[in-house]
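According to Swiss-Prot, the protein carries these features:
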ACT_SITE  His117  active site, pros-phosphohistidine intermediate
BINDING   Lys11, Phe59, Arg87, Thr93, Arg104, Asn114  ATP binding site
Amino acid sequence: MADNRTFTMIKPDAVENGHIGGILDQITASGFRIVALKLTQMTQRDAETFYAVHNERPFFGELVEFMTRGPIVAAILEKDNAVEDFRTLIGATNPEDAAEGTIRKKYAKSIGENAVHGSDSDENAQIEGAFHFAGREMF
């Protein structure tokens, strides 16, 4: 995945609260093109693997439990400067600190239930996208 692609997940809290459409609308209205999209459910093993970087952190167990409690929407997005622009669009991890109009300000409940994941680097965007999508699933 080049620097014009990023990976995102709409997390279980936002799916449960019916925010898929609103979030996808905001993403596309911000100039991103969706090149891969799926509704899926992470298993415990999936979540533990995906978030392995956090496995020594005190919140790891809660994170895995949260990410497996319901379906997620995984997507690969395309736009120039995709990773940085998407991080700006979603806002700060804690919705209380997020700028007005950002996805997390609009849809997140708390720092733990913060509606969306966005890759933090081009390298991680490639790794995370490949975790959820086979090459034939990207257009």
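Please read every residue number as a count from 1 along the shown chain.
Just so you know, glycine gets a Cβ as well, placed from its N, Cα and C.
On the structure: features taken from Swiss-Prot.
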{"residue": "Lys11", "record": "ATP binding site", "Cβ neighbours (10 Å)": "26"}
{"residue": "Phe59", "record": "ATP binding site", "Cβ neighbours (10 Å)": "12"}
{"residue": "Arg87", "record": "ATP binding site", "Cβ neighbours (10 Å)": "16"}
{"residue": "Thr93", "record": "ATP binding site", "Cβ neighbours (10 Å)": "14"}
{"residue": "Arg104", "record": "ATP binding site", "Cβ neighbours (10 Å)": "24"}
{"residue": "Asn114", "record": "ATP binding site", "Cβ neighbours (10 Å)": "22"}
{"residue": "His117", "record": "active site, pros-phosphohistidine intermediate", "Cβ neighbours (10 Å)": "19"}
Binding residues Lys11, Phe59, Arg87, Thr93, Arg104, Asn114 (ATP) - maximum C-alpha distance in whole Å: 22
Inter-residue Cα distance where the pair is Arg104 (ATP binding site) and the residue listed as 'active site, pros-phosphohistidine intermediate', in Å: 10
DSSP-derived structure type at His117 (active site, pros-phosphohistidine intermediate), helix or strand or else coil: strand
